[in-house]
Amino acid sequence: MSILSMVEDRPTPKEVYNWRIYLLAAVASFTSCMIGYDSAFIGTTISLDSFKNEFHWDSMSTAKQNLVSANIVSCYQAGAFFGAFFAYPIGHFWGRKWGLMLSALVFTLGAGLMLGANGDRGLGLIYGGRVLAGLGVGAGSNFTPIYISELAPPAIRGRLVGVYELGWQVGGLVGFWINYGVEQTMAPSHKQWLIPFAVQLIPAGLLIIGILFVKESPRWLFLRGRREEAIKNLCWIRQIPADHIYMIEEIGAIDQTLEHQRSTIGLGFWRPLKEAWTNKRILYRLFLGSMLFFWQNGSGINAINYYSPTVFKSIGLKGNSSSLLTTGIFGVVKTVVTIVWLLYLIDHVGRRLLLLIGAAGGSICMWIVGAYIKVVDPTHNQSDHLNGGGVAAIFFFYLWTAFYTPSWNGTPWVINSEMFDPNIRSLAQACAAGSNWLWNFLISRFTPQMFAKMDYGVYFFFASLMLLSIPFVFFLVPETKGIPLENMDPLFQTQPVWRAHAKVLAQIHEDEARFRRDLEESGYTKGNVEQVEDTDRKE
């Protein structure tokens, strides 16, 4: 089987790959549009002259400016960290659908608070609004990947969870370009910097409206004992009847997994909490999930997202307009590469190989950019234009983006959404999202100080971390593409890690063939299907 083949766990009717699952994933992913926009717009908005003038930037020392910038950016991540954990009880008792609604409402309240800020009132409303917005997106970053992964057929689960990442990049693209637009078309004023803050309300409003029409996760309904509603929702999503052999297999697998969990860990609210800290198998996967986000943030991506003007200034770009334009192009590159990742790479190349290639290529690019800054010291360039070396540095920066985006940007979210048992999934995703926001907070809080003290060493620091992630992934992270959620336990128990995927998939195919043979011998004929994808054929 080629690494470029899409892997099905069993013959799948064409009706399963329908527009409904893509629509549900797209609606839920307005959450990530909120996250992406907030991550992108804030760094360039606070660099606008109109913002600096209104909040008396010139009266602050350089150290104070760095501190205030870091606080404005990082209080959002602090809120998101706690929001990710608050999402666990909400997701357990209220479900994924209404959890997403609540996260959008809290975010909207935070965005509204920020709009009340001005020079007379000071930055307090921005700080408070950023914390509330962070609470909302932190909870949303828990609910959305789980919701999508629980709806998705295994063969396209990576693609569907990848819609969450695409939403992040689309929001980021708007966030990067909006400040270039207001800087070019509006005179410095209160409105100029307020408009980027107001645009936050658009994806939040779309999510609130969309959530009213989506279906609750069938797997959550099964977990809560609402069986009839769960089967009804699953049939609607799959577009096949409950007595179809595919549905019989899927419902049977869910029932079997829940029964196993009921007899071991338990299905309540408190038992998973206890199990998470005492069960070595679960602790190990929590460690893997948290470390994936450590390596992701250690690549330097959020230093660039939040402080892109500082990053491009270190390479030698002069002028706010040039910095905003270059940042906008950075957003375009990320979005285009994310679309390729979503449509093809994540479910064909798989998670593991993408992480390895991205870490190796991205590390090389960071070493080159850091070495250029060390040798040339472009910040002392008296010319208004980049020289040849500066252009080359910008090229390697964008090449780093092309390596990083289809690997470490969204793949850790995909893996974390699929590698846990159903009764522990909400708690595990809370821990995963919380760890992302913790590392995110640390990077965003100290990036200005790192650039002030380390200069080119910042790039060497990020390059080293990307290099260290390679043995971690190779020896510890198995491939998960095409593996049903109910089969993650044997996948993570199979050794060696680099052969686990092939071994487990072979066992799944063997079990599925035996199940269908037994059904045929019993006289069951309804719902025979042909496999949609030939998994031994190159796409």
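Each Cβ is built from the backbone N, Cα and C atoms, and glycine gets one as well.
Per Swiss-Prot, topological domain 'Cytoplasmic' is recorded for 1-22 (among others).
Annotation comment: Swiss-Prot describes 23-43 (among others) as transmembrane segment, evidence class sequence analysis.
Note on the topological domain 'Extracellular' (44-74): residues 118-119, 122-123, 126-127, 130, 175-176, 179-180, 182-183, 188-190, 192-193, 196-197, 306-309, 320, 323-324, 327, 441, 444-449, 452 of its chain, located 6 or more positions outside it, place their CB under 8 angstroms from a CB of the stretch. The annotation topological domain 'Extracellular' is assigned in Swiss-Prot to 44-74 (among others).
According to Swiss-Prot, the feature transmembrane segment maps to 75-95 (among others), an assignment based on sequence analysis. A Cβ distance under 8 Å defines the sequence-distant neighbours of the transmembrane segment (75-95), meaning residues of its chain 6+ beyond its ends; these are 38, 42, 102-103, 106, 110, 127, 130-143, 146, 216-217, 220-221, 224, 269, 426-427, 429-431, 433-434, 436-438, 440-441, 444-445.
Annotated transmembrane segment per Swiss-Prot: 98-118 (among others), in sequence order, evidence recorded as sequence analysis.
Tertiary proximity for the topological domain 'Extracellular' (119-130) is limited to same-chain residues at least six positions away from its ends with a CB under 8 Å from its CB atoms, namely 42, 54-56, 68, 71-72, 75-76, 79, 110-113. Swiss-Prot lists 119-130 (among others) with the feature topological domain 'Extracellular', giving sequence analysis as the kind of evidence.
Outside the transmembrane segment (131-151) by six or more residues, the chain places 21, 24-25, 28-29, 31-32, 34-35, 38, 75-88, 90-91, 96-97, 99-100, 102-111, 113-114, 157, 160-161, 163-164, 200, 204, 217-220, 237, 413-414, 416-418, 425-426, 429-430, 433-434, 436-437, 485 with a CB less than 8 A from a CB of the stretch. As annotated by Swiss-Prot, transmembrane segment applies to 131-151 (among others), with the evidence given as sequence analysis.
The annotation topological domain 'Cytoplasmic' is assigned in Swiss-Prot to 152-159 (among others) on the grounds of sequence analysis.
The annotation transmembrane segment is assigned in Swiss-Prot to 160-180 (among others).
The annotation topological domain 'Extracellular' is assigned in Swiss-Prot to 181-193 (among others) on the grounds of sequence analysis. Using a Cβ-Cβ cut-off under 8 Å and counting only residues 6 or more beyond its ends in the same chain, the topological domain 'Extracellular' (181-193) has close neighbours at 45, 48-51, 53-54, 118, 320-321, 324.
The transmembrane segment annotation in Swiss-Prot covers 194-214 (among others).
Annotated topological domain 'Cytoplasmic' per Swiss-Prot: 215-285 (among others), in sequence order.
Residues or ranges marked as transmembrane segment in Swiss-Prot: 286-306 (among others). If you look at the transmembrane segment (286-306), the same-chain residues 6 or more away from its ends with a CB under 8 A from one of its CBs are 39-40, 42-43, 73, 172, 276, 330, 359, 362, 366, 404, 408-409, 412, 415-416, 419, 428, 431-432, 435-436, 439-440, 442-444, 447, 450, 458-459, 462, 465-466, 468-469, 472-473, 476-477.
The annotation topological domain 'Extracellular' is assigned in Swiss-Prot to 307-325 (among others) on the grounds of sequence analysis. Secondary structure of the topological domain 'Extracellular' (307-325) per DSSP (helix as H, G, I; strand as E, B; remaining residues coil): 14 helix, 0 strand, 5 coil.
According to Swiss-Prot, the feature transmembrane segment maps to 326-346 (among others). Long-range contacts of the transmembrane segment (326-346) within its own chain (CB-CB distance under 8 A, at least 6 residues past either end) are made by residues 40, 44, 158-159, 162-163, 165-166, 169-170, 172-173, 175-177, 180, 304, 308-309, 312, 317, 354, 394, 397-398, 401-402, 405-406, 409-411, 414, 481, 539.
Sequence annotations record features per position, and here Swiss-Prot assigns topological domain 'Cytoplasmic' to 347-352 (among others) based on sequence analysis.
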Within this structure, do the transmembrane segment (353-373) and the transmembrane segment (23-43) have 3 or more Cβ pairs under 8 angstroms, counting pairs 6 or more apart in sequence? no
Would you say the transmembrane segment (98-118) and the transmembrane segment (194-214) are touching, if the rule is that at least three C-beta pairs must lie under 8 angstroms and be 6 or more residues apart? yes
So which residues does the topological domain 'Extracellular' (307-325) touch in its own chain, when a touch means Cβ under 8 Å and the partner is 6 or more beyond its ends? 43-44, 47-49, 69, 73, 176, 179-180, 183-184, 369, 372-373, 376, 378-379, 381, 384, 386-387, 390, 393-394, 397, 444, 447-448, 451, 455-456, 458
Reported mean pLDDT - the topological domain 'Extracellular' (44-74): 90
Given a Cβ distance threshold of under 8 angstroms, which distant residues of the chain, six or more beyond its ends, lie next to the transmembrane segment (388-408)? 169, 295-296, 299, 301, 315-317, 326, 329-330, 333-334, 337-338, 340-341, 345-346, 354-355, 357-359, 361-362, 365-366, 368-369, 372-373, 376, 378, 381, 469
State the non-local partners of the transmembrane segment (353-373) in its own chain: residues 6+ outside its ends, Cβ under 8 Å from one of its Cβ atoms. 3, 295, 299-300, 314-315, 341, 345-346, 389, 392-393, 396-397, 399-400, 403-404, 406-408, 411, 455-460, 462-464, 466-467, 469-470, 473-474, 477, 479
